[in-house]
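What TrEMBL lists as transmembrane segment is 80-104, 142-163, 282-305, 325-347, 359-381, 387-406, 418-439, 459-480.
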Amino acid sequence: MSEQVIESAAKGLGSSVALQIASKLVTFGMRVAIVRLLGPQLFAFSEVQMSLMISLVLLPAREGLRRIAIRQDTDLQSRLLATSGTFLSVFLALFTAIVNYYFYTDEQSTAMVFSSVAAAIESFSEPAVVNATRRELYKAISTVRAVALISSGAVGVVSAYVLPQSQGVYSIVLSNLTHALVLVVGLTSSSGGVSRVFSIGIPNSEVIRLAFDAVVQSVMKFVLGNGEGFILLLSCDETSRGAYKLASNISSLAARFVFDRLEEQSFAAFSRLQNDVPAMEGTFVLATKTSSMIAMLFSFVGPAYSRLFVKIMYGPEWESAGVPFLLSMSLFYLQFISVNGIAEGYFNAVATSKAVRGYSMFTFIVMILYMGFGTVFAVYYGPAAIILANALNMIFRAVYCARFIARLNSKKTGQTRTAFVLLKEATPTLGFFFTMAALSSLTLGSERLMKDELHPMHVGLHLLAGFCSCIVALAAIFRFERNYVEQARKVFRREKPAKED
């Protein structure tokens, strides 16, 4: 049973990543066109104020109750909890729409109100996500998400070209509405229809207590995860906000279509393997090492291509805004996201109400420190200070979760294991690390040798150095991570039993 669960999650991850890569490549070009047309100021508004509001509306349904609903023993309790999260999000959408209508003026007010509507519509897709995840319909989820991304990107590009530049923010609104509608229709139909997805009622008392603790934790995570938005509003001008958000969005492409999907599949596997500690630890080590090695490729090789990428894709206006430097730092930050996501997935799959409350208190303390120091240092050192604060935030949370996991597993198995030992097993070997450091020096040297950054031959040679670095990194995995390779092979290609003579 454990092997089947792990194999299903792994195959679901494979199809999810493949579809996400394909859809992201299509929508990325669309997004570039929109960013060029909007400029730093309008882009900053759409990515800071609008994004904060949408994240707030979706907080109960997505971050608060989704995972608790997935891990319920019965389908009825799962549907009741997921539907309750949707209703909470709709209430928040109504509240924020009223506030935005009176707080903002003209185009900004209309854009914020309709973005609240889009977020409310998208919240109706969450019960379908829960149902599909419990039924292991990973490919269906990935397909619908890919279609939603492509559809919303196409609508955004067309509207950005048609609308006047002063009303360019409406293109983001139309894109959000399209994305929400496609998600709701696609996920609900692929999950068996409305009757199998939604249930109206009150969950049992134990589920309510666990859900309340999860919502409190999600509020803390919301402030931590979106704290950069609040800090940007308090400490940076519009150009700096736009530069930071563009760099963050580019680097988060990897986080969204690789790390987020890996975290979701790992959490689904953890939730079904709670009584099999060796299988859970093996999955944790495999998933964490996978995400870490992918993140190291971005962190070590990516910075050498930041300036070239921004200059070609977004133009000199964005280059002069400081995007290349912020992009390099954001790529480094991916290393910490990759570890924290898997650790929190494990924690959320096995944590009791008491454990969730303890983690909520811990994240609250980290939140206060993060917001305070982040705002102060951002005033003096700019958006780069926010990236460093985010990295420290991820380190603290990952260590806390790893410590909890190690203690819990020690109680279950009777074998003493520390968080350090667990994280060490999930960390790439020194041989792989030194290989990546050498590749970083190679690609940075290649960048310095480029006399003309836009000369076709120079660009081609620099890209060739990056391609060769990826090949060497892959070879280093087979050379220095043999145990990891063997474990991955067992998951994706289970050995058939030998036939009896």
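For all residues, glycine too, the Cβ spot is worked out from N, Cα and C.
In this chain, the transmembrane segment (459-480) does not touch the transmembrane segment (387-406); fewer than three CB pairs sit within less than 8 A of each other, excluding pairs fewer than 6 residues apart. For the transmembrane segment (418-439), the partner stretch with the highest count of Cβ pairs under 8 angstroms, out of 80-104, 282-305, 325-347, 359-381, 459-480, is 282-305. Same-chain residues lying 6+ beyond the ends of the transmembrane segment (325-347) with a Cβ under 8 Å from its Cβ atoms: 243-244, 246-248, 250-252, 254-255, 259-260, 262-264, 266-267, 270, 280, 284, 287-288, 291-292, 294-296, 298-299, 302-303, 306, 309-310, 355, 359, 383-384, 387-388, 390-391, 394-395, 397-398, 401-402, 404-405, 423, 426. Packing against the transmembrane segment (459-480) from elsewhere in the chain are residues 293, 296-297, 301, 304-305, 308, 428-429, 431-432, 435-436, 439, 442-443, 446-447, 450, 453: each is 6 or more residues past its ends and has a CB under 8 Å from a CB in it.
Counting only same-chain residues 6+ beyond the ends of the transmembrane segment (359-381), those with a CB under 8 A from a CB of the stretch are 213, 216-217, 220-221, 223-224, 227-228, 230-232, 234-236, 347, 351, 388-390, 392-393, 396-397, 400-401, 404.
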